[in-house]
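Asker: Please find one structure pasted underneath; my questions will follow.
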């Protein structure tokens, strides 16, 4: 039995070496989220032949609640996340680090994600931008973007290509086409901080075995020197047309009349692979010759015997179309059992399910770390008046470069039969029935409900009163039974304060942007940590912001109270610190709670609390956590309680 388990693990590891679209896992050489509100379990792909067998899914993240890959929703309750930044070791991450447009490779068992690895096709400095054509070049490689594709390119750290300039550091998710270009599903602008590891991907050309150099298809600008590189997997050989991913600790430099990238590692795709069942791959079709010979993402596919799903016809199977293929791998070829091409009527819909973590307006709120524009959405349940920080919602719509444009919004009740905390302004008060509505949920109080401050009565509640309510929701009755109601002291017209974090762009001395949020910087804005100057906050930096929200004549303005610059750091053991923000859920104890689906342990004696203490930990509390990831659990070192 032990040998069988080892064989299965070995097969999955070897399979992982080939399924990443144009970015290879290191093989042979060693190695911000919202609350999940849905009570409906995630389901495996409908075409999976046997969900009890470990499977591999390779594709693009198109939503959350749990994790949605190419429109397929998977339970992430036990998932471990890693990033393949370095070829010899993966960097642990959190579920909050996953974002739409990322290319991932996941191991699934019984419909439940076990491991999720994020891959990037390219990391490097921008050479030129053609915003009209929707392209940019990085180290001589062409990156193609799209706002109209089934999976459009998502931008982080900028909102349009015209904002990028030569020298900007970018990280690209996507697939390598036969001409050597990369079809990007996500581009992130990053601050240059000295921790960069550069990467190129493509098919080998012009091999000089004596000089130990080669170029990549479609990229004559950069020559790769692999003389000092480690080749992976062990025993790999550099040969023409082999797909490779090159990793270097330094950017290409001029040498001998050429621009040379001195590779530290070259990962080579193995042609002979272990036979494996239950593989699902999503991505653009390329190198199409016939149904018997095409590529989806980076994998050779034989779909000659496949069932064409959801209205797909042979005429739909063309280069550039986004497809989803399920089947088994044999001799390096995916023998497809089913193939689906996403079309306008079967488009990849973005799906987000959870709690709103930052609410500015209907056109600008954050759900599962994704900015949502709900200004044109149809409400299938509830109304816009029910939306606020902490509201449970389901959003379906379309991915855009800046987030998700909602087509439908359904306001949902909180998870049933577990302690919850609701906070916001109430509506629909019925003093006789002892009920009111909060965040779209009917709340029932009784004579035994505790009221704070002492001496206050709930009988005089009026619409618009700000409250915090503790209790639980019953699916059977559709009512949230309050055990405690706290009346929050507010002044009509008072300025609201919110806290959020993200990657900044368009930084000036007067303002900056995070996604679609425009934040004004005033003379009283505090810069943290102590000693930080505004010039330290550059495009691509990660920051945490506390800001006033002011609305005037329908226009909303955010003015920063404090801006905290979050530089890359390591703990004394050398582990990378990570940040996670959102609302606490499933709170059991300081050692056992979640933010989104990410498990948190804040029981350590060295945990530092900001703007609160351990007694403030509870479901519904908004926090930003700094810590390290161990065995899939975020071990908290700093917990900052954030305003809503």
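For all residues, glycine too, the Cβ spot is worked out from N, Cα and C.
What you are looking at is a predicted structure, and each value in this text was computed from that prediction instead of being measured.
So TrEMBL has the following annotated:
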SIGNAL    1-21  signal peptide
DOMAIN    124-188  domain 'DUF5666'
DOMAIN    283-338  domain 'DUF5666'
DOMAIN    354-409  domain 'DUF5666'
DOMAIN    424-485  domain 'DUF5666'
DOMAIN    502-564  domain 'DUF5666'
DOMAIN    588-639  domain 'DUF5666'
Asker: Compare 124-188, 283-338, 354-409, 502-564 by their Cβ pairs under 8 Å to the domain 'DUF5666' (588-639) and return the stretch that comes out on top.
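Answerer: The listed stretch sharing the most Cβ pairs with the domain 'DUF5666' (588-639) is 354-409.
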Asker: Could you pull the average pLDDT for the domain 'DUF5666' (588-639)?
Answerer: 95
Asker: Is the domain 'DUF5666' (124-188) in contact with the domain 'DUF5666' (502-564), using at least 3 Cβ pairs under 8 Å (sequence separation of 6 or more) as the test?
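Answerer: Counting Cβ pairs under 8 Å, at least 3, so yes.
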Asker: By DSSP assignment, list the helix, strand and coil residue numbers for the domain 'DUF5666' (424-485), in that order.
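Answerer: Going through the domain 'DUF5666' (424-485) residue by residue, I get 0 helix, 33 strand, 29 coil.
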Asker: Take the domain 'DUF5666' (124-188) and count its residues per DSSP category (helix H/G/I, strand E/B, coil), listing them in that order.
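Answerer: Counting residues by DSSP class gives 3 helix, 33 strand, 29 coil.
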Asker: Quick check on the domain 'DUF5666' (283-338): DSSP residue counts for helix, strand, coil, in that order please.
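Answerer: Computed counts for the domain 'DUF5666' (283-338) are 3 helix, 33 strand, 20 coil.
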